[in-house]
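Asks: Sending over a structure as structure tokens; questions will come in a sec.
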Amino acid sequence: MRGYTYDTEARREERALLVSLVTDESRRSGVDPRISLEELVQLAETAGVTVAGTAMQNRDVPDSKWFVGKGKALELKELVRAEELSTVIFDQELSGAQVRNLEEALDAKIIDRTQLILDIFAGRAKTREGILQVELAQLTYLLPRLSGQGKNLSRLGGGIGTRGPGETKLETDRRHIRGRIGELKRQLETVQAHRQLHRERRRKNGAVQVALVGYTNAGKSTLLRQLTRADVLAEDKLFATLDPTSRQLRLPSGKEVLLTDTVGFIQNLPHDLVAAFRATLEEANEADLLLHVMDASSPMRDRQREVVDEVLGELGASGKPTLLVYNKIDLLPDADEELLAGGPETLRISAFREADMERLLRSIEDKLLGGVAKLKLPASRGDLAALAYRVGEVLSQMTEDDWLVLTIRLNAGDMEKRGRPLLPYFAESESSAGAGGAGAADGMATANAAKTSDN
Ligand SMILES: Nc1nc2c(ncn2[C@@H]2O[C@H](COP(=O)(O)OP(=O)(O)OP(=O)(O)O)[C@@H](O)[C@H]2O)c(=O)[nH]1
Ligand SMILES: [Mg+2]
């Protein structure tokens, strides 16, 4: 039998066959199995595997022993032998028993979609939190698959590449793994509490936060780089980004906001995994505005958009002010561009066009700034005037007798945090661009009316 230890060299030489089983259940899910398999090819390539070919089988339900039908298993065995393949990767999740049976029968390493994604994550996590999360997800995946039988556990742990729950850890028993899971959870709690503190401090400082979210490979990191001139890794690979990266972003008015890149989403991501990355995605949850970046050139773009919306829903971030950004428009023929769904809140851009970046910045600003309002302050209250400059952009300023009249384009978020002393002085509010802005501006007008009737 093969020894399943992999170094980078071996990883490069890995040649795999990719297999998808189409069942009644998967047909009901509405996910096109060919598109999913196509994505599996990209995932495998991202993991450094050479894809030798793909195969599909239709069956009402998976075979409990072999997952695919027995005849298909024999066919695969023949292929593995003839093509000298090292690995067979399945597009669906396999049970521990199925992995063992197939490994024995095909004499190849068997990996499923989840494990492949976990392997990619393991190779890419950089921060302590990311590394802990990946190990936790890997062990959670592994545990129910260790159904006794005294097999060498390292065989199950041997995914693509060597990182992840290292072989030494896996040679020990389940109890050890459970212990490790508990330990990882505790460590994560500490790291996350720390991050929470950090976030709260950021909030207190009044930093307005914008988060880039979207399907993997949509161009989020590229946009972060183009918009902030930051040196951020962007690659034509799935899951290039695992750890959230934040950079200062200067809007056209000169206002600075914090722009955060997040891990990309993918369909059929097991729930455990989503949970594992929940903390990372909390950055999205905390944001004042989401930029939902889509790859307009992908034939799967509508499905991808749904997947992202679903995950955002699970995170409790669905109601957030969101700007839909169709990216990579340069790859589309003009005629196709019109087919893109979306209303006035939708932007069509190419990350590589300077003019589009300026347009995007303006849209972010419009979306963030909650509307225009007039503020009438007693000229003696210079302290309040200073505050006014901090809650938005002052568009004009004039004096009327003993009053100072300011027209301000408000930032709704800031207003809530720091604008309380100003509330009674707002004379009127005009148009409001942002979602949160309308409410805030109304509130101010009302507060003013109450004040006026007092006098
Ligand atoms: N043609 C074209 N390519 C783009 C555009 N934006 C990004 N790309 C390319 O798309 C690929 C993926 O970009 P990334 O920025 O890494 O994507 P991401 O959304 O951060 O991906 P993950 O971190 O994997 O979730 C890279 O090769 C980019 O150069 C665009 O507007 N036009
Ligand atoms: Mg990225």
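Just so it is clear, glycine is given a Cβ too, placed from its N, Cα and C backbone atoms.
Pasting the relevant annotations from TrEMBL:
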- 208-372: domain 'Hflx-type G' (DOMAIN)
- 214-221, 239-243, 261-264, 327-330: GTP binding site (BINDING)
- SER221, THR241: Mg(2+) binding site (BINDING)
- 430-455: region 'Disordered' (REGION)
- 441-455: compositional bias 'Low complexity' (COMPBIAS)
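Show me how these features fit into the structure around them.
Replies: When secondary structure is read from DSSP and collapsed to three states, VAL263 (GTP binding site) falls in the coil class.
For the recorded site, SER221 (Mg(2+) binding site), the DSSP three-state label reads helix. SER221 (Mg(2+) binding site): 23 other CB atoms within 10 A of its CB, across all protein chains.
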Asks: Are there residues of the same chain, six or more positions away from LYS328 (GTP binding site), whose CB falls under 8 angstroms from its CB, and which are they?
Replies: ALA218, GLY219, ASP295, ALA296, SER297, SER350, ALA351
Asks: Could you state the CA-to-CA distance between VAL263 (GTP binding site) and SER221 (Mg(2+) binding site) to the nearest Å?
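Replies: One finds 10 Å between the Cα atoms of these residues.
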Asks: Using a Cβ cut-off of under 6 Å to any atom of ligand 2, determine which of the binding-site residues GLY214, ASN217, LYS220, SER221, VAL263, LYS328 qualify.
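Replies: Result: LYS220, SER221.
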